[in-house]
Amino acid sequence: MKDFIEWKDFTFQYDVQSEPTLKGINLSIPKGEKVLILGPSGSGKSTLGHCLNGIIPNTHKGQYSGIFTINHKNAFDLSIYDKSHLVSTVLQDPDGQFIGLTVAEDIAFALENDVVAQEEMASIVEMWAKRLEIAPLLSKRPQDLSGGQKQRVSLAGVLVDDSPILLFDEPLANLDPQSGQDIMALVDRIHQEQDATTIIIEHRLEDVFYERVDRVVLFSDGQIIYNGEPDQLLKTNFLSEYGIREPLYISALKNLGYDFEKQNTMTSIDDFDFSELLIPKMRALDLDKHTDKLLSVQHLSVSYDLENNTLDDVSFDLYKGQRLAIVGKNGAGKSTLAKALCQFIPNNATLIYNNEDVSQDSIKERAERIGYVLQNPNQMISQAMVFDEVALGLRLRGFSDNDIESRVYDILKVCGLYQFRNWPISALSFGQKKRVTIASILILNPEVIILDEPTAGQDMKHYTEMMSFLDKLSCDGHTIVMITHDMQLMLEYTDRAIVIDNGLIVADDHPINILSNTELLKKTHLKKTSLFALADRLGISPQKLTQWYIDNQGGKNG
């Protein structure tokens, strides 16, 4: 069926805003198509999704003109009940989606509403839990899970409903690399088995292209810039021009001078012909040179129950100005480690900070040494307005109004938030809220800054601005610790990586060496970047190609 979902000359403006967010949209999606929606933060892609699932106009009010239909019916005339049977949504923020007290109850919620028999309900819940590898979590509270585990629970909760339209709002944001690849494979299988019209809003382009996508729609400033096949999009400069991170191998091949015009298939490295490509001389890998030791963590163990340690006798050192990535699969203990370092949870570690034993710090004392930016911005925000949230730490420390205004404006500009300085935080997107929380910590200038998934939900422009800013802090002597699932970030912007698996440090090395260890990657759910696959095709050392790429395009300031 053609035009299953259709927008004709569609414009939408929120009541709280002076300009339309969507401007004259013309887009048709046939039944059963799989479409990727791209765009920088604030481009209108999430607003389009909210129109589709009924959040607009039922929750977010505004004015619209033009036509928007689902299955040839005016979408805004459909009741919430009717819309819920048409569209199932996996939200960007999984905490906003939970209903049940346990994982099993949450997955079963839609089935309960449809009065499914209890025995059949239990069977369906168990099936989806196994397929998403969350069966051991069925009795746990969703709020107690890691970010990636929460996303899997949210996904299971909508997949049980068999809706004809599946909407995924950044489903990979909190998933480790291998789990992200697995989820995209699962989404593709569901798309084919159920013939569901599948719409994916996502920044992690390289991971989405792991499976086939019928079409890509690129948004910018509320308008459609590109609407067509993925292969043709990758031949253009639209991605970099409009703030979307290109697949690593595409960026590398552009720097190598590869002629894309003769290339038909762009989404698979295996389909490229490199017989005429000239490879420049590439230097050996830069190894990390330790500076002065800043923090020594000794024998850190954390247990949430009497039987199992979430962290088991973890010891490591941090150095001044170092950029460290902490990586590992979902639930490995990465966020628990950060919380323990900040004294948020009880632990028995010995911490030596600048040659002083600070093991008995209060939370306030520890906060003056180590700043922590949480993965979920909603857990940090306490003020109604953007300016007040970023200024709060300075006000509590007695800074003058003039000094506060100057420093807040400076940090808001760095974080790409200056235009929102007088906005209510409730009007911001999830990615914009994330930048607000990062700004509120960075403004206090702590010597160690821990960031849990600092770039999740960020477009390329704000990703680059944020990482360049963190690079500058590193050059100024700050130690930057990033908990991340982003292997490209780890390669470009860190000097060292610690891999955690089941509460243990299983590797501590240069990021390139980590990604060269195939057995380690498989065990810990990490994944080589496409630079390694490209190096294999080119017949050169992946270490040299990665170092060459970093020299030409990556983080250089550290």
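Every residue gets a Cβ built from N, Cα and C, even glycine.
Given the structure is predicted, the values throughout are model-derived calculations rather than measurements.
According to Swiss-Prot, the protein carries these features:
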BINDING   G39, P40, S41, G42, S43, G44, K45, S46  ATP 1 binding site
BINDING   G328, K329, N330, G331, A332, G333, K334, S335  ATP 2 binding site
DOMAIN    5-246  domain 'ABC transporter 1'
DOMAIN    295-527  domain 'ABC transporter 2'
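Note on K45 (ATP 1 binding site): other Cβ atoms within 10 Å of its Cβ, all shown chains, come to 25. A 10 Å cutoff on Cβ-Cβ distances gives K334 (ATP 2 binding site) a total of 26 other Cβ atoms nearby, all chains included. In this structure the C-alpha atoms belonging to A332 (ATP 2 binding site) and S46 (ATP 1 binding site) are separated by 31 Å. Taking the C-alpha positions, the distance from K334 (ATP 2 binding site) to G39 (ATP 1 binding site) comes to 30 Å. Same-chain residues that are not part of G39, P40, S41, G42, S43, G44, K45, S46 yet have a Cβ within 8 Å of the Cβ center of the ATP 1 site turn out to be T47, F219, S220, S429, D459. Cβ neighbours of S46 (ATP 1 binding site) (same chain, under 8 Å, six or more residues apart in sequence): Q92, D169, I201, S429. G328 (ATP 2 binding site) falls outside any helix or strand according to DSSP and counts as coil. Taking the mean position of the Cβ atoms of G328, K329, N330, G331, A332, G333, K334, S335 as the ATP 2 site, the remaining residues of that chain whose Cβ falls within 8 Å of it are S146, G148, D176, T336, I500, D501.
Listed in sequence order, the residues of the same chain lying 6 or more apart from G39 (ATP 1 binding site) and placing their CB within less than 8 Å of its CB are K45, L218, F219, S220, Y242, I244, D459. Counting in whole angstrom, S41 (ATP 1 binding site) lies 30 from G333 (ATP 2 binding site) by their C-alpha atoms.
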